[in-house]
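Notes follow once the structure below has been shown.
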Amino acid sequence: MIGALARKFFGSANDRRVKGYQARVKAINGLEPEIAALSDEALRARTAEFRQQLADGKTLDDILVPAFATVREAGKRTLGQRHFDVQLIGGMVLHEGDIAEMKTGEGKTLVATLAVYLNALAGKGVHVVTVNDYLASRDAGWMAQIYTFLGLTTGVIVHGLDDVERKAAYACDITYGTNNEYGFDYLRDNMKYRLEDMVQREHFYAIVDEVDSILIDEARTPLIISGPLDDRSEFYNTIDTFMPNLEKVADYEVDEKQRTVALTEAGMEKIETLLRDAGQLKGDSLYDVENVSVVHHINQALRAHSLFTRDKDYIVRDDEVVIIDEFTGRMMQGRRYSEGLHQALEAKEHVTVQPENQTLASITFQNYFRMYKKLSGMTGTALTEADELADIYKLEVVEIPTNLPIARLDEDDEVYRTQNEKYAAILAEVERANARMQPVLVGTASIEKSEVLADYLKKNGYKLIDFGDPKSMRKLYAAARAGKPAKLFAVLNARFHEQEAYIVAEAGVPGAITIATNMAGRGTDIKLGGSLEMRAQFETADLADEAEKDAKIAEIKADIERFRDMVLKAEDVVEIEPAKGSKPAKTVTRPGGLYIIGSERHESRRIDNQLRGRSGRQGDPGRSKFFLSLEDDLMRIFGSDRLDTMLQRLGLKDGEAITHPWINKALEKAQQKVEARNFDIRKNLLKYDDVQNDQRKVIFDQRVDLMMNESVAETVADMRHAFVDDLVTKHVPENQYAEQWDVAGLKEELRRVLDIDLPVDEWAAEEGIADEELLSRIENRVDEHMAAKVGQWGPDVMRYVEKTILLQTLDHLWREHLVMLDHLRQVIGLRGYGQRDPLQEYKSEAFSLFEALIAHLREAVTGQLMRVEIVPPEEEQPVLPAMEVHKLDPHTGEDEMAFAQGNFAQASLAPVVSADRSSRDPGNPASWGKVGRNEDCPCGSGKKYKHCHGR
């Protein structure tokens, strides 16, 4: 209460921050007449002037005011749109690296141009991130008019481009693309073997559109590049045949709140019997070590059958199981559940079971976007997640005032006992709205629910619009002109993804009824009366004559103006019956505009707010209302059975609803609980992923360093010496008598790994030989062996072979390391039962695994280079092609062999240049530069560097 009083007098922190921008807004407005007087050429020349000012030492903040004024004028000249003052504030928030919360219809796409232009002047590339290819292409094409006018280049990254096209797009001043494409390009770049093949530049500045969707809803979804493993499709199908034999409660228990499923004792016994009969059980018990993978697959099959619902979590299309995004209702083509879950779903649906995949590279959006030096975002709904965005991404949410006040009426929820009663009430409300020609958008939580509602409408005489038939929408327009309901409706879910933008854009036509899953269609405005752009695109496509096109567009404009007026007047006038003995009946008028009907509450308040926000854009009137039932997922999970019993006792009849602000508050509390739990899950997962992310950075940075160096000879030599050093230390420990040395073991290891037979036993038998002397002799012989290869094939060939083997071996071992980290992560939680912190245990063991990876890398690279045989070309080739390296077979253990072909005389590979030795100061290690492990230590001790400062 005191806080509310203080905010009333002093304003909130958000109000104060917004107020702080007013001086710069005033300055930008003051420049408007001067800049408006410039010619097009003079306006375009300002870009070069700004860049020169930056080169002379000015900062981006110093030139913000004139740069924003320039963009505003360019917007007026190219798009006919002038940035409002509140849009200038939004642009400043984006430039400062925070999140601008702007309501639907406030022009977020146009706002981005301000910060994009300013930051693109730095010449390091600006990435604009959208949620799908359509929006990336649309926004790039639309806003490029401003950028091109001002002399900047614009590229777009969409699915299907080759590397040459991608590299060209990233080289532009401004690049538009989807979060998936940016993330996958980063992963693919770090699997390349030449710097010139990499497509991305540095991660300088990104603006994320629909930032809540990408940084929160998809934060837990890793991007994974994978390769196929052995085909085990028959095994999945066998396991799936067991599922109908299991009974819920008796054989397994489901926790819907936690999304987990577990076998009971009876279920385990039943599964053991079924496995034994099918010949799939090894040993006596299901939980014997040999059956660990079997138990895993049983659990995944159980999850597939009990936690995943067709047409809600996934759909089946063209013999494939396609995941549905739970937040947007969109199909996630190309995405697959990991750890065998997707295969279990394929077996459940009796489609072709695809082979399991091995992870080759992965990253989460959380870690990808945190790589940018500056990150900002835009959305209509972020305040409910402000704590998470600040905690994880260090992004502050700033609520930008609307240009015009919001005139939408948000009504209290209506709660019914059963889903059938709820759907009947929704149908009745839709019919009432349709009768007065008010457009209705019905939001559903899944494809399944959207199709249930569609069936209700069909049974009551409504027809589904066929978007494949161009005449379908004409019927809707004709009915609107006549002022009569057409009784037509559209469905927007994953099945109709292709027409998404068109369906959404026309949801504001009088009498339109649109059923949409969650926030499908985000990014496309619903304009009252319809969309001029969409209608013009479809209705003038077949017209070749320009005069005919102009006439058609004029006709469409007149239509839309009339339709908009109809929608605004579609008010709902209701006479409320008085209570007995009270005042006479009163009349309530509810606004026209777009009517949003929610068919159930989502787990997240933000998703509900997004649905509401589709109505009431730019000061238009509108209304929203949620219809709920005690059988809805959120209500059921949070104990609606108790409420149902109470309502029955109170005498709530079938078809009656309860409506009260208290119910809204109770639901909001339930949603807050779910949001808090999901935040904790995401935060905890990030802590684990950060461990892998730190290691990923080291490996990826190392790869880039290796590719930047034309020669890795010194790196390879260091690895060789380190491996030999470790090998000798293992078998010939320091401060031990020669009689205690494991000479035979050392000799055998040298033969096995390096394929070299050295008289180690004879050297060890020499009187007074020390371990350092033994090490020195072995290293010298190994170096001589490698020098002979260089002499035989030439330094250019060996440099090429060394780099290729080093990079490919690093990739091979990194992939194996990822698998081990995944396995470790799955079981580490059990350490909690032993009173140990699973996260600390994971960090410790992951570090040990990483150390082992480095040791294995030294051994593998050294061994391969010692054994490598190079096949000479049969005839002269004009260019040096790629080398093929045959990797170690993990099953047979056969050695890797590298084969190179081509004219090696043309290779122009130079050795790594170390620091000038004459400039080394013995007392200042910082002046030594890179020192070889076998060089004398620059400190003057007389010892080798590896035994002195290089230890």
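The backbone N, Cα and C atoms fix where each Cβ goes, glycine too.
According to Swiss-Prot, the protein carries these features:
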BINDING   GLN87, GLY105, GLU106, GLY107, LYS108, THR109, ASP525  ATP binding site
BINDING   CYS937, CYS939, CYS948, HIS949  Zn(2+) binding site
REGION    911-942  region 'Disordered'
Which one is it: of the binding-site residues GLN87, THR109, which Cβ has the fewest other Cβ atoms within 10 Å in this structure? THR109
Within 10 Å of the Cβ of CYS937 (Zn(2+) binding site), how many other Cβ atoms can you find? Include all protein chains, please. 20
Beyond the listed site residues GLN87, GLY105, GLU106, GLY107, LYS108, THR109, ASP525, identify every same-chain residue whose Cβ lies within 8 Å of the center of their Cβ atoms for the ATP site. MET102, THR104, LEU110, VAL111
Between CYS937 (Zn(2+) binding site) and LYS108 (ATP binding site), the C-alpha gap once rounded to whole angstrom: 61
Mind giving me a neighbour count for ASP525 (ATP binding site)? Other Cβ atoms within 10 Å of its Cβ, every protein chain shown. 18
Cβ proximity for GLU106 (ATP binding site), under 8 A, sequence spacing 6+, ordered by residue number, returns VAL86, GLN87, GLY90, GLY380, ILE400, THR402, ASN403, ARG617, GLN618
With a 10 Å radius around each C-beta, find which of these binding-site residues (GLY105, LYS108, CYS939) has the fewest other C-beta atoms nearby. CYS939
Pop the Cα-Cα gap between GLY105 (ATP binding site) and CYS939 (Zn(2+) binding site) into the table, whole Å please. 68
For CYS937 (Zn(2+) binding site), what is the secondary structure state per DSSP, taken as helix, strand or coil? coil
Could you tell me the C-alpha distance between GLY107 (ATP binding site) and CYS948 (Zn(2+) binding site) in angstrom, no decimals? 64
Based on DSSP, name the secondary structure state of CYS948 (Zn(2+) binding site): helix, strand or coil. coil
